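Only one structure is covered here, and it is reproduced in the block below.
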Amino acid sequence: MAAKIISGTELSKQIKANLADKITHYIEQGKRAPGLAVILVGADPASQIYVGNKRKSCEEVGILSKSYDLPETTTQNELLAIIDQLNADKNIDGILVQLPLPKQINAEAIIERIDPKKDVDGFHPYNVGRLCQRIPTLRACTPYGVMKLLETTGIDLHGKHAVIVGASNIVGRPMSLELLLAGATVTVTHRFTKNLENHVRQADILVVAVGKPNLISGDWIKESAVVIDVGINRVDGKLVGDVEFDKAAEKAAYITPVPGGVGPMTVAMLMSNTLYAYEHNK
């Protein structure tokens, strides 16, 4: 059985078209456009690509993006001062600081300084805490995007065994909270987990977010599972995920491709969060 492909490219286009319609409606009513501040420190090539994609998406949907391209030598206090300015700026609804940051800057301190109502990445402890308490507002973009992809399958997640490979603050941990909220039974695996294969074989829903090419053998996939591959790795000039795609697709019912799966959804949910922050910016 060949798995159905869950296209993040297609779904993200639909989401962004819907957001663009809403923003056009606000502007026609004489309101200002939503504003997103995008901060990049240093010249990491991957970060530059990600930031470029985010700015391009802002243009597509009608969000005004304000760019801050700062040198690698920027100090923590300099960055905190910019965040304080943006927190006070009534025309800025969302603040995004592209990670990773240079070693002289403490990422946690930066994230905590952002006004939780403008934390469109969904990383602030306040917003993660709200998700944990089952009252989410601004949600981490990648896990939120994964939930939207899972919705397209029509599968009821209640009682399904969801296995997450990777326990990062950006994907794995908030992903576990999203799946719990949806009624799944959740197992989170990480670098100290013994017998990873055994856990993966039990997964009705498998979400992999580690950043190691072909970490998950296609043979491990349970028949008719849903496989969400968050990993993005470059191998021999090609982008590949964390899951051995071809073999996994023979056993799974649904699978996301890399590229064109989770990546576009992360950016779409950032746009969605920015509109949400705009609508609630009082």
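For all residues, glycine too, the Cβ spot is worked out from N, Cα and C.
Swiss-Prot has this to say about the protein:
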- Gly166, Ala167, Ser168, Ile232: NADP(+) binding site (BINDING)
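Here Ser168 (NADP(+) binding site) comes close to Ala209: these same-chain residues lie at least six apart in sequence, with C-beta atoms under 8 angstroms from its C-beta. As a whole number, the greatest separation of Cα atoms within the NADP(+)-binding residue list Gly166, Ala167, Ser168, Ile232 is 16 Å. Sequence-distant contacts (6 or more apart, same chain, Cβ under 8 Å) of Gly166 (NADP(+) binding site) comprise Gly172, Thr189, His190, Val208, Ala209, Val210, Gly211, Val230. Applying an 8 A CB threshold to same-chain residues 6+ apart, the list for Ile232 (NADP(+) binding site) reads Gly211, Leu239, Gly241, Val258, Pro259, Gly263. Same-chain residues at least 6 positions away in sequence with a Cβ under 8 Å from that of Ala167 (NADP(+) binding site) are, in sequence order, Arg173, Val188, Thr189, His190.
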